[in-house]
Amino acid sequence: MNSFGQKLRFSTFGESHGVALGCILDGVPAGLKIDEKFIQSELDRRKPGKSEFETARKEADKVEILSGVFEGLSTGTPIAMVIYNTNQKSKDYSNIKDIFRPGHADFTYFHKYGLRDYRGGGRSSARETAARVAAGAIAKLMIKELGIEVKSGICEIDGIKSKNLNYEAAKKSIIFALDAEMEDAQKEAILNAKNEHDSVGGVSRVKISGVPVGLGQPLYYKLDGVLADAMMGINAVKAVEIGDGILSSSAKGSDNNDEIRSNGFESNHAGGILGGISNGDDIILNVHFKPTPSIFKEQHTVNTKNEELDFSLKGRHDPCVAIRGTIVCEAMAALVIADMCLLNMGSNMDGILKYYK
Ligand code: FMN
């Protein structure tokens, strides 16, 4: 499946080395001001080739809106957006045409479909996430009207944890580091791995603020469940924590409960979600990315005939995918929240009466 969402639903298309990639975003209410410059600026935050901490592949990632927008406003019809690929070097991949890169999706795609677009990983490449960022930018514009904001930053690289979580610092950092004091050590870890022809993992922290109480559907479209699904669907994500996440299983109830006062919760261990429904507090996610699978160190693998071989990869790859991945996390979070806002409108008679009476 290539689609995600219920009331606000998007489908993406395209491959890493194809002509173009893009998305169709359906369900955007008519009359939303579509700020094209903002959509482009979101793509610019994710685009490759901005620094030595990212892949050297340079893509303009220029987005073009094909439909669904007239005189700067959404028309209520599907919004189609396209991003042309301009910097493919498919030759870089000819040496892995019949070889499966350990840690990548080559092995599973080949055995599932019986064929494989080896150029840049084809559809399994995270290049597809540019389309999600374009769709997510429109979701951000929509939820901004409701006072909801999604921010993110890197809170850990190669096990080096941030002590401070400063989302303004992350905006200014080339690696989106949340802690300016830990940034140099985190950068050094990336460059060390890169110099050793290796890669490192990292953690993105996402904060969604201004969320009203009540977003999330029973029982199979819970807010935490759908956010986890959205994050796990991003390439290389291996774990998602909501609030205290895995720490909750070793905490006492008395520590883990967020006690309640008339003006709100005294703490936020729950990460803003109770019973699958937003509780009005900030929603907090920690999204764990594995190290980039494509590394230049020699590794054991097999080819399409299941013959064993040792090989060294060529090409251009991110030494730490969490960095650009954090922008994709923001986009997916915004898409989920916007969808949940639309779904929640029919949750009780009061809301329906306000609209129809
Ligand atoms: N994997 C690579 O091997 N090389 C890359 O340059 C690369 N860039 C990525 C960029 C982003 C923004 C993200 C989110 C992921 C990137 N990945 C890269 C990860 C692979 O796409 C991913 O590991 C692969 O599809 C296998 O899927 P899985 O790790 O989810 O099992």
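Quick reminder: no glycine exception, Cβ is built from N, Cα and C everywhere.
As recorded in TrEMBL, the features of this protein are as follows:
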type    : residues                                                                                       : note
BINDING : Arg46                                                                                          : NADP(+) binding site
BINDING : Arg123, Ser124, Ser125, Asn235, Ala236, Gly275, Lys290, Pro291, Thr292, Pro293, Ser294, Arg316 : FMN binding site
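Selection of the binding-site residues Arg46, Arg123, Ala236, Thr292 by a Cβ distance under 6 Å from ligand 1 yields, in sequence order, Ala236, Thr292. When the alpha carbons of Arg123 (FMN binding site) and Arg46 (NADP(+) binding site) are compared, the span between them is 18 angstrom. Around the Cβ of Lys290 (FMN binding site), a 10 Å sphere holds 17 further Cβ atoms from the protein chains shown. Classification of Arg46 (NADP(+) binding site) by DSSP places it within a helix. Taking a C-beta cut-off of under 8 Å and a sequence gap of six or more, the residue listed as 'NADP(+) binding site' has these contacts in its own chain: Asp61, Thr129, Ala130, Val133, Arg324, Ile327, Val328.
The Cβ neighbour count for Ser125 (FMN binding site), using a 10 Å radius over every protein chain in view, is 20. Binding of FMN is attributed in the record to Arg123, Ser124, Ser125, Asn235, Ala236, Gly275, Lys290, Pro291, Thr292, Pro293, Ser294, Arg316, and the widest Cα separation among these residues amounts to 44 Å. Around the Cβ of Ala236 (FMN binding site), a 10 Å sphere holds 21 further Cβ atoms from the protein chains shown.
Taking all protein chains in view, 24 other C-beta atoms sit within 10 angstroms of the C-beta of Thr292 (FMN binding site).
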